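**Q** If you look up Swiss-Prot, you'll see 8, 9, 39, 95 marked as divalent metal cation binding site, on the strength of sequence analysis.
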């Protein structure tokens, strides 16, 4: 089993290190992650400048390779030129903070998994629901459990899976739930500040609260103490509007 690891918090992030340690006994692990934090980068590719790859020489990250680009850059480079042997699985994370509902459209963590899936590799994104890295050891155990299940019972086709893990001690996690994406309210307003030169700076506001956290959603499962596993697809076609659009065009 050859697993490619990536993330969006950067190669120095604790979530990547513990994920690497948890999965190392399962096979060959290749780490290619961003040099810097790229949270919220979504599926962006770097097209206006060349990219470079470096290797960490010390610490728990020794042997990790990192790219001066985005999470999608990392997986794209790995699968389209850097790795002679394609991995069997792409794993992204563990992210600091949830990726539920519409978060998946913005998340660099999910985007790294999406790139693996687009290039024909089964892919999984792991996120902790709350920030702060509390109970990261439990999240790593959950990630290993999921990957072991994938190895033991591989799906028939490439898949894209989004996993959100409650920040709880492992023994307090109630189990696993197959879920759909919930929905959020619109993001909160931008935050404005005036710098010493009198210019107005803008900070993107916090994500909106959940507005659909009903039973069966990722929000509901995580809030109840369960690990949420959501299968994702990339076809954004609104099929229910095709006939109406066709009539509108006539």
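Just so you know, glycine gets a Cβ as well, placed from its N, Cα and C.
Can you tell me where each of these features sits in the structure?
**A** Taking Cβ-Cβ distances under 8 Å and a sequence gap of 6 or more within the same chain, the neighbours of residue 39 (divalent metal cation binding site) are 8, 9, 95, 97, 107, 108, 109. DSSP assigns residue 39 (divalent metal cation binding site) to coil, not to a helix or a strand.
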**Q** By a 10 A CB contact count over all chains shown, which of the binding-site residues listed here is most packed: 8, 95?
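**A** Top count of Cβ atoms within 10 Å goes to 8.
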